Each structure stands twice: as C-alpha cells, then as structure tokens.
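Some features that TrEMBL has for this protein:
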{"type": "DOMAIN", "residues": "10-92", "note": "domain 'Prepilin peptidase A24 N-terminal'"}
{"type": "DOMAIN", "residues": "103-205", "note": "domain 'Prepilin type IV endopeptidase peptidase'"}
{"type": "TRANSMEM", "residues": "6-23", "note": "transmembrane segment"}
{"type": "TRANSMEM", "residues": "84-114", "note": "transmembrane segment"}
{"type": "TRANSMEM", "residues": "120-137", "note": "transmembrane segment"}
{"type": "TRANSMEM", "residues": "149-166", "note": "transmembrane segment"}
{"type": "TRANSMEM", "residues": "178-210", "note": "transmembrane segment"}
{"type": "TRANSMEM", "residues": "217-236", "note": "transmembrane segment"}
Amino acid sequence: MFYYILFAGLFGMCIASFVNVVIDRLPKGIGVVKGRSICPKCKHKLSFWDMIPVLSYFLLRGKCRYCHASIGIRDTINEVFGGLWAIFCLLHYGGGEVVLVFLLGMVLLCISYIDFDTMLIPNRILVIFGILVIALAEIEPLPSFKERIGGMLIVSGFMLVMNQLIECFGGGDIKLMFLVGYLLGGRACVFAFLIAVLTGGVYAILLLLLKKANRKSYIPFGPFLSLGILVVFLCYR
C-alpha cells in the first residue's frame, strides 16, 4: 500500500505542475502543451531539473538558476496540494471514481487561480468540468435526475435574476453553478453557494479593513465557489 500512496503523491504533484502551466498560459492564449517553460524574469528556457515538482523549488532555494530572481511559492503549494489530494482520493474512493474525483479537484484549482488572476473563467475549462460532472453523475445514482435538473436551475437562476438587479456575478460563475447543479442536486448546490457567499464575504471584509479594496471593487468569486463545491461534494459523497 505504501508504494501506491507514494505513486499517487508523485502523480498528483506532476498533474498539479501541469495545472500550473495551464493557469499561467491559458489566459494569455499560449498553448499549454507545446513549448518549454521559461523563467518569467529572464525568459531563459527551464531544464528538466528546474521543473521537478516541489523538489526543484527547495534545491534552487526559491530562485531561478539563471538570473537568481525569486520564484513565487504559489506553484509549489499547488504541487503539494496535488500530491495530498491524489493520496486522499486513493484512500477514500475506488475504481474509476478515484481518477474522476482527483481531476475534479484539479479543475476546480485551475478555475480558482485563473479567476483570481483574471476575473474570468474560460469556457474551455468549463467544458472539461462539465464532462467530469456528467461522468461522475453516471457513477453515482443519487441525487435523482429530477433533483439534478432542479439543481441546475435554482442557484444559477437566482444568480441571473440578481444580475438583472445589480451586476454582482460573472458569466463564468453562473455557468459553473449551472453545471454543479447537475452533480450535486438542488439542496447541496444551495449549500455550496452559501459557503461561497460566506467565505467570499469574509474575504471582502478583510480587503476593506486592510484598505486594499473599496465598496465598488469586484472580487473573484470563482475561488469561493470552488471551495464550496469541493466541501459539499466531499460531505455528500
């Protein structure tokens, strides 16, 4: 079992490393498969040894090998999360569900960071998320089909109505909750949305107190929706 856990952890870190590439390149319109990674400061192409998940960051002491510019720790934190998430999925799920739940977490991670950086959730990521939702729904018989359809309409419908009164949600947020409704059903989808509202509200208050935002500022809601979705999904599954 130890070797399965070790493999899952390494696999999860590698996938999270790729997710970091997607987070960086997709909003810029750069291909995520072709082309080697480069240092954002000196633009030098990175070697294999510069991109080993987690390990390279500590071996290089958080600096570029070539220009010695500081490297943000965010990517490394994501890689650690990917490894731990893969181990969690291995220990708590079976069969094909292991892979699907792991990928669900990775896509939500991707959505969170892209929305945080750009205030947008790309449709291409939502398509992938939708495919995972359908696949997971086929494995799990509950909630019922009727509840799933209700879930697709309740929260996303509320968000659409609110947007008619005061523009407070992005189109990507509404599409995300529309898809989530099919996975979780109505009641669970509402709980996920409430978690997002509460955590997002706390974040907004902190920004106001720290004077990093004002009452007219917009905050990315995708990270908080992703958190709510993941928490409720794990509780219900």
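Just so it is clear, glycine is given a Cβ too, placed from its N, Cα and C backbone atoms.
Counting Cβ pairs closer than 8 Å to the transmembrane segment (6-23), the top stretch among 84-114, 120-137, 149-166, 178-210, 217-236 is 84-114. Using a Cβ-Cβ cut-off under 8 Å and counting only residues 6 or more beyond its ends in the same chain, the transmembrane segment (217-236) has close neighbours at 104-105, 108-109, 111-116, 119, 121, 169-170, 172-173, 176-177, 180, 183-184, 188-189, 191-197, 199-200, 203-204, 207.
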